[in-house]
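As given in TrEMBL:
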- HIS112: active site, proton donor (ACT_SITE)
- GLY14, SER15, ASN16: N(1)-(5-phospho-beta-D-ribosyl)glycinamide binding site (BINDING)
- ARG70, MET95, ARG96, ILE97, LEU98, ASN110: (6R)-10-formyltetrahydrofolate binding site (BINDING)
- 4-185: domain 'Formyl transferase N-terminal' (DOMAIN)
- ASP148: site 'Raises pKa of active site His' (SITE)
Amino acid sequence: MSVKKIAILFSGNGSNLENILEKVHNKTFNGVTIKCDLLICNNPDAFGIQRAKKFGLKTVIINHKEFKTREDFDAKLVSLIQEKKIDLTILAGFMRILTPVFTKNIKAINLHPSILPIFKGGNAIKESFNSDMLVGGVSVHFVSEELDGGKLINQLVFYRKKGMSLEEWEENIHKLEYEILPKTIIELLAFSN
Ligand code: GRF
């Protein structure tokens, strides 16, 4: 049996963080136990910090506002992640653009609420809802220097029902997010070499 360590980075609500902790933290898949060994948040008021406490986990707060440059902030993240010898870093609602200081040194995946490469960026849910697309969906991809642009790992989609509201659209997206992210983490850590 082996242990694989994950770090989760988040910025706000943290529903995906909680979902990962529920479904994969301290659980064994195919002989591999996945442990969340590091939680980092850039926003001291994020609700996710409270969610993590329910699992007895402390969040390290690295406030980006206290750093002069993006690179300095990224270097701090990299040193924490490397110090803990993390196998896979997960961006779950982490709302910061990362520089090569991070992307060249850390193996990380990101969750995005659209069928990439369409609707990159921070307004993906609204933009996809307001489009003519008859399907919506979610993507998980490796983190690269290009925002929401790294190699795709998994995608899930749903059909637009007639007269669907933005709230229903968003609900469908979150439902798929709670499915795709744990599934991808387990696949990468326990079912691939
Ligand atoms: C999710 O929709 C995710 O796809 C996007 O940010 C949102 C985070 O939600 N990147 P939560 O903080 O996990 O509730």
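Each Cβ is built from the backbone N, Cα and C atoms, and glycine gets one as well.
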Rounded to the nearest angstrom, how far is the Cα of HIS112 (active site, proton donor) from the Cα of ASN16 (N(1)-(5-phospho-beta-D-ribosyl)glycinamide binding site)? 11
Out of GLY14, SER15, ASP148, which of these recorded positions is nearest ASN110 ((6R)-10-formyltetrahydrofolate binding site) by C-alpha distance? ASP148
For LEU98 ((6R)-10-formyltetrahydrofolate binding site), the number of other Cβ atoms found within 10 Å of its own Cβ: 22
Check each residue in the chain of GLY14 (N(1)-(5-phospho-beta-D-ribosyl)glycinamide binding site) that is at least six apart in sequence and keep those whose C-beta is under 8 Å from its C-beta; list them in sequence order. ALA46, PHE47, GLY48, ILE49, ARG51, ALA52, ALA92, GLY93
Please list, in sequence order, the residues in the chain of MET95 ((6R)-10-formyltetrahydrofolate binding site) that are at least six apart in sequence and whose C-beta is under 8 Å away from its C-beta. SER11, GLY12, ASN42, GLY122
Have a look at the recorded positions SER15, ARG70, ARG96, ILE97, ASP148 and say which one has the shortest Cα distance to HIS112 (active site, proton donor). ASP148
Run through the Cβ atoms and count how many others sit within 10 Å of the one on ASP148 (site 'Raises pKa of active site His'). 19
Can you tell me the CA-to-CA distance separating ARG70 ((6R)-10-formyltetrahydrofolate binding site) and SER15 (N(1)-(5-phospho-beta-D-ribosyl)glycinamide binding site), as a whole number of Å? 26
Among SER15, ASN16, ASN110, the one of these binding-site residues whose Cβ has the fewest neighbouring Cβ atoms within 10 Å: SER15
Cα of ASP148 (site 'Raises pKa of active site His') to Cα of ILE97 ((6R)-10-formyltetrahydrofolate binding site), in Å and rounded, measures 10
